[in-house]
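Working notes for the structure below.
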Amino acid sequence: MDISRFPLLKIVKKIWPYMWPVNRWDLKARIIGAMLFLLASKLVILGIPFLFKWITDTLLEQSTISKTTHYLSVGIVILIISYGTMRVVSLISNQIRDFLFAEVGQGATCTLYHQVISHVYKLSQRFHINYKVGKLSSVISNGTRSIETIIRIIVIHFIPTVLEFIISIAFLWRSYGSVYVGVVAMTVLSYVWFTIIASNWRMGLFKKMNQLLHECHAKVFDSLINFETVQYFNSAKREIQILEKSISRYKNAAISISTSLGWLNFGQGVIFSIGMIIIMLISSHAVYIGEQTIGDFVLINALLNQLSMPLNILGTIYRDSRQSFIEIEELFNILNEKIEIQDAPNSKDLKIKDAHITFNNVFFSYNHDNCIFEGISFEVAPGKKTALVGKSGAGKSTISKLIYRLYDIQNGFIEIDGQDIKTVTQESLRQTIGIIPQDTILFNDTLRYNILYGNPDASEQDLDNAVETAQIKSFIMKLPNGYDTIVGERGLKLSGGEKQRISIARAILKNPPIMIFDEATSSLDVITERHIQTALSILSKNRTTLVIAHRLSTITDADNILVLDKGKIVEYGSHEDLISQGCIYATMWKKQQKN
């Protein structure tokens with residue numbers, strides 16, 4: 001069977017490995033145990049209507065035989081106690097089933113969550129730039145939770161309902177004939193048909209509401225993460241108004257769903273009531289002509305009422321299933337995202353000898369339309385400081401992204417110590433490089449956590465040495481909580497200079513053979529920049545260093561300066577050499593000195 005024609009079956013096929021995990025016999029044993037207790041619970045529950053029949057018939061029989069005794073017979077007492085016992089046994093079976101199943105559902109959720117997060121970290125920067133963080137977080141959260149929902153629905157609701165329906169139909173056929181089976185089957189099928197039709201209509205509303213909810217989350221996340229910008233432009237009211245419009249659209253969609261639920265419940269009630277009326281009329285006629293007893297009438301009534309209980313939540317189950325399928329599909333769309341940057345087959349770890357970086361005839365464009373580099377070639381000498389300068393938009397920061405292999409080049413080679421970075425593992429490549437970016441983003445955690453991010457295994461002494469070299473130890477020691485001070489979302493509790501010093505301390509702990517300063521001081525004032533430059537000079541000593549600079553005054557001591565213009569290196573040499581040439585670099589220098 002070609003399951004591609006059945007989207008729901010495709011989803012079930014995708015989630016099956018999480019429902020029946022390979023090499024996890026402990027979880028499989030739990031699933032089998034849960035199913036056995038489920039079967040036991042259903043068999044016990046289906047026995048209750050028979051007890052009602054026997055109790056009813058026995059009471060009627062005894063009431064017509066003797067009027068003298070005021071006590072129930074032993075048989076009646078046993079039947080009533082059996083009724084209570086069966087309900088308790090059913091409850092115990094359900095509790096054991098839920099206990100056994102809990103680890104299966106949560107295990108599936110955790111496994112998928114780990115798989116998705118691992119996959120997302122492997123996706124290229126291109127994906128993360130184009131996909132809103134708020135929406136991505138919402139899709140991952142809802143999708144992983146939906147796996148547990150689907151498994152729970154299948155095991156706890158769908159399978160028991162189907163099992164109960166089959167057993168009930170088989171009993172009615174054997175005991176009362178095809179007429180009862182026909183009426184019950186038509187009632188249930190009509191009920192299911194109406195529920196599916198109505199729920200499909202409601203799913204359109206749910207899909208719209210889900211989309212609006214994602215938009216709300218994305219807008220809130222985007223607004224809060226740009227809190228400072230909102231304050232700078234005094235735009236809190238504007239942001240609230242924009243959010244209110246999104247919330248209003250979401251509210252209207254939610255109201256439509258609530259209204260549609262009322263119509264769904266009404267239609268279900270009418271269909272089942274008609275079926276019950278027909279069955280009761282047929283059964284009462286059979287009692288009247290002596291083909292059935294009052295106990296049979298009670299049994300059939302109890303059996304149908306019992307069958308109605310799982311059917312009553314069919315709409316909710318169907319809706320939750322469809323909603324979960326939508327969320328799981330969105331999640332698997334992320335899992336199906338192609339990993340753009342992958343380790344080559346048989347790739348090896350990068351072996352560092354001198355940390356010599358070479359760009360050889362490199363061609364690169366972000367979107368295959370606008371070429372950033374057309375055959376660019378240059379070297380970053382080992383153990384030396386090389387500066388890269390150029391106009392804004394010339395592609396300076398792109399160079400650092402290519403060295404990190406956040407993007408792959410279209411043609412040419414980027415080599416470190418003669419090894420093409422495409423042929424080595426990404427992990428070993430990125431472990432050899434440290435970077436001080438223009439805008440350091442910190443985790444909403446302690447200073448200790450953020451600094452040790454460069455080397456989580458560093459000792460306390462290493463930590464102290466790093467912050468002292470980065471010239472931030474005195475600041476940290478003045479804080480009430482010292483290293484355990486929380487820096488706030490994105491490090492908002494710290495100044496730009498303080499964040500840059502944290503970034504430097506982090507790089508010192510990482511101790512990579514290659515350092516990249518990507519306009520590390522361009523956003524700082526001149527005085528702070530001078531202090532930071534001292535720490536940067538210490539960090540770059542005897543280390544292959546690439547400095548991407550906007551302020552030329554920060555790279556006058558560079559061993560070699562590369563001037564980037566229109567995707568090519570047009571000048572190179574020392575500061576003095578380039579000034580004497582009187583070309584692009586000299587013009588930029590004169591302009592900055594004048595300003």
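Each residue, glycine too, has its Cβ placed from N, Cα and C.
Database features, via TrEMBL:
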- 32-323: domain 'ABC transmembrane type-1' (DOMAIN)
- 357-591: domain 'ABC transporter' (DOMAIN)
- 31-52: transmembrane segment (TRANSMEM)
- 72-92: transmembrane segment (TRANSMEM)
- 150-173: transmembrane segment (TRANSMEM)
- 179-201: transmembrane segment (TRANSMEM)
- 261-282: transmembrane segment (TRANSMEM)
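Among the recorded stretches 31-52, 72-92, 150-173, 261-282, the one sharing the largest number of Cβ pairs closer than 8 Å with the transmembrane segment (179-201) is 261-282. Away from its own ends, the transmembrane segment (72-92) comes close to residues 40-41, 44-45, 47-48, 51-52, 54-55, 58-59, 62 of its chain (Cβ-Cβ under 8 Å, at least six residues beyond either end). Taken together, the residues of the domain 'ABC transporter' (357-591) have an average pLDDT of 87.
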